[in-house]
Structure formats: structure tokens, C-alpha cells
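Annotated in TrEMBL:
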- 21-44: transmembrane segment (TRANSMEM)
- 50-70: transmembrane segment (TRANSMEM)
- 82-99: transmembrane segment (TRANSMEM)
- 105-124: transmembrane segment (TRANSMEM)
- 145-163: transmembrane segment (TRANSMEM)
- 169-188: transmembrane segment (TRANSMEM)
- 219-242: transmembrane segment (TRANSMEM)
- 254-275: transmembrane segment (TRANSMEM)
- 282-301: transmembrane segment (TRANSMEM)
- 307-331: transmembrane segment (TRANSMEM)
- 343-364: transmembrane segment (TRANSMEM)
Amino acid sequence: MVTPRAPIYLTHSPTPRISDFARLAAIEAGVRGILLSVMPLALYRAFGDAALVSAIYFAVGVSSLCAGLMLPWVNRRLPRRWLFTGVGLFYVLGALLALTGRPGLLALGLASNALATVLWMVCFNAYVLDHIARRELGRTESTRLVYSAASWMVGPALGVILLDWWYPAPFLLAGGLAMAVVAVFWRMRLGNGRQITRAHGPAPNPLAFLARFRAQPRLVAGWLFAVIRSCGWWVYIVYLPIFCIEQGLGDRLGGVMLSVSNALLFTTPLMLRLVQRTSVRFAVRASFGLAAALFVAAALLSGAPWAALAALMAGSVCLIMLDVCAGLPFLMAVKPSERTEMAAVYASFRDVSGIVTPAVAGLVLMVAPVAGVFAACGAGLAAASAIAAKLHPRLGAPRPLAA
């Protein structure tokens with residue numbers, strides 16, 4: 001007698017696709033999209049001083065930078081999946097602190113949100129480098145931006161509207177989306193990432209990998225591009241709303257302009273196609289150069305506020321182009337055995353820009369109005385354009401097949 005046997009179906013974690021990472025990034029973008037427009041306004045209303053708000057952002061940037069550089073050391077003792085879970089927990093903590101409306105707790109909430117963003121950048125980039133081929137990194141970035149476009153477009157304006165309607169509303173919504181990020185991550189079952197062994201063990205000093213980073217000029221250049229591009233966004237996000245308030249244009253206009261600018265994220269596939277038809281070097285250099293000219297023009301036109309805002313809006317188009325291409329020199333140069341360490345270095349661009357921007361802005365505001373911050377930002381963007389001239393002309397181009 002033959003015993004009937006039922007088939008046993010073996011299951012395993014599905015291989016994550018580019019679209020899976022893009023969906024995860026879209027939800028996280030909803031959290032940041034809301035908080036990016038709400039936090040500067042909440043801090044400015046609580047403290048009433050642009051220079052003091054800059055000082056708070058400076059202190060938060062320093063603390064989150066230190067935390068980010070320690071993450072590879074923490075990752076050796078705490079699995080990456082639990083680090084990623086911390087993204088949602090710290091976003092929720094930051095939202096709960098901020099919704100109290102108390103000045104001191106608002107600053108602590110900003111610090112908690114910054115730490116959550118650091119964890120997100122490090123873990124997300126490490127998972128992408130684990131599962132996405134090098135030749136697909138450009139498509140991954142453009143797909144991520146397209147999927148996130150709705151979040152970045154709706155989030156800033158919605159956050160400002162909710163803040164005026166009921167103060168805790170935007171923070172509660174951001175906290176709910178943060179928990180959704182964690183839920184989707186666990187559903188993807190990414191685990192702790194791929195383990196790649198080396199002939200020699202990692203250095204015990206968590207800062208020792210900085211020497212390997214400094215020894216690779218392409219990594220340094222790519223990191224500088226990310227820092228300066230992020231400085232441009234910091235100026236656009238934090239100081240544009242303050243400029244609108246000081247010019248008597250209202251406190252909603254800044255959030256609405258950010259939403260309109262972010263709507264252009266839907267065009268990132270076309271921008272990527274332009275990068276592929278020219279070169280990474282041309283796209284990065286031209287975008288930084290044009291953005292520099294427009295930010296300086298905004299400073300010169302500050303006496304005509306609407307003209308200055310138009311120049312800044314045009315400059316944001318260049319910043320979106322840089323979101324597509326400016327990170328490619330770094331990502332293409334990372335060695336597989338250094339993914340976690342270099343992902344931590346790359347993620348530090350946000351913290352460094354969060355230190356540099358308010359520090360420079362604070363100095364500028366001592367001798368000039370807010371429009372002076374736009375001019376200083378333009379100078380930094382021009383410096384990045386000069387650095388981009390040293391990139392290899394065929395960077396990112398397909399390699400010719402051997403005959």
C-alpha cells in the first residue's frame with residue numbers, strides 16, 4: 001500500500017525588489033515630509049528668534065553626528081533589524097515630545113527625530129547595498145524618489161495646515177506613519193543584512209574606518225556633494241519659511257512652496273534619463289552651478305520677496321536633480337566589505353549639514369538679514385560645482401563589452 005503524500009511547500013524570505021525599497025522609503029518620507037515643515041515653525045513660534053532656532057539645530061546636528069558615527073560599533077552588538085526598529089521608536093518619541101508644545105521638549109523632540117533619521121539613513125542604505133546590484137543604483141534612486149514624491153508633495157503643506165487646525169495633529173500623524181515604517185520593514189523580512197567576512201577582523205575603534213574613507217577620494221567627493229546638497233535643502237526648508245514670515249507673507253507659504261517643489265520628484269525618471277545621456281559629472285557640476293546662481297540671485301532680489309521666492313523655487317529644481325545624481329559617486333565606490341561602515345559615513349552628511357548650515361547661518365544673521373543665508377548657501381553650492389569638475393568623465397556610463 002502506497003501512503004499518499006501531500007506536497008510540502010518550502011517558504012523563504014522573498015528577495016526584495018527595487019519597488020519594495022521604494023515603498024518603504026515612501027512611508028518614511030511621509031514622516032519626514034510632515035515634520036520638516038512643522039518643526040521649524042513650531043520652534044520659531046516657541047522661541048521667537050531665528051538665531052536661537054539656528055543654535056538649536058546646530059546642537060542637534062552635533063549630537064546626531066556623534067550618534068551616527070557610533071552606529072557601526074553599536075551594530076556589532078545589536079542586530080541591524082533592531083537598529084531599524086529604532087527608527088519608528090525614536091520618531092514616535094520625538095512626536096510625543098513635540099506635541100506638548102513646550103520649548104525644551106520641542107528641542108528634545110527635534111533631537112529624537114534627528115536620531116531616527118540617522119538610523120534610517122544608515123540601515124536603509126546598507127540594506128540597499130546588500131540587495132541591489134551596482135548597475136541598478138541609479139534606477140533605485142530615481143524609483144525611490146518617484147514613490148516618495150507624493151509624500152514629499154503632500155506632507156509639508158498638510159503638516160502646516162494640521163498645525164494650525166489642531167497643534168498635536170501633525171505629530172500624531174507622523175507617529176502613526178513611523179509605526180507603519182517598522183511594520184512594513186518586518187513584513188519585508190530583511191533580517192540583519194548579508195554578512196561578508198574579511199581576512200582581518202574589523203577595527204575595535206568605531207572611528208577607525210574614517211581613515212579608510214579619507215584614503216578614497218571618490219568617497220570623499222561623493223560625501224561632500226551630499227553634505228552641500230543637504231545644506232541647500234536645509235536653507236530651503238528652515239530659512240525660507242522664516243523669510244516669508246519676516247516679509248509678511250504668512251507662515252503657510254513656506255510649507256506650500258516645499259510641497260510644490262517636491263511635486264517635481266515625479267519627474268526624476270526623466271532626470272535620470274538626462275544623466276544617462278550625458279554623464280554623472282556633467283549633471284552634478286551643472287546642477288550645483290545653476291543652483292548656486294539662483295540662490296545668490298534670491299539674496300540679491302530679497303527686496304522684491306516674490307522674485308526672491310521664484311529664484312529659490314527654481315533652485316529647488318536643481319536640488320532635486322542633485323537628489324538623483326549627487327549620491328551616485330559615493331554609492332558606486334563603496335566596497336562590499338565596508339557597506340555598514342561606509343553607509344554610516346554617508347549618512348553623516350545630513351548631520352554635518354545640520355551642523356554647518358545653522359552655524360554659518362548664525363554667523364550670517366549676526367551681520368545680515370535672512371537673505372544673507374541664501375547668498376552663503378550659493379557660495380557653498382558653487383564650491384561643490386568646482387569639486388565636481390574633477391570627477392571622471394565616464395563615471396556611471398556603461399562599460400564597453402570586450403571584443
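For all residues, glycine too, the Cβ spot is worked out from N, Cα and C.
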The transmembrane segment (307-331) vs the transmembrane segment (254-275): three or more C-beta pairs under 8 Å (separation of 6 or more)?
-> yes
Spatial neighbours of the transmembrane segment (50-70) not adjacent in sequence (6+ beyond its ends, CB under 8 Å) are 40, 43-44, 107, 110-111, 114-115, 117-118, 121-122, 206-207, 210, 234, 238-239, 242, 344, 347-348, 350-359, 361-362, 365-366, 370
To the transmembrane segment (343-364), which of 145-163, 219-242, 254-275 is linked by the most Cβ pairs under 8 Å?
-> 219-242
Do the transmembrane segment (105-124) and the transmembrane segment (254-275) come together with 3 or more C-beta pairs under 8 Å, pairs six or more apart in sequence?
-> no
Stretch in 21-44, 82-99, 145-163, 219-242, 254-275 most in contact with the transmembrane segment (169-188), if contact is a CB pair under 8 A = 82-99
Flag the pair the transmembrane segment (254-275) / the transmembrane segment (145-163) as in contact if three or more Cβ pairs fall under 8 Å (sequence separation 6 or more).
-> yes
If we call contact 3 or more Cβ pairs under 8 Å (sequence gap 6 or more), are the transmembrane segment (145-163) and the transmembrane segment (219-242) touching?
-> no
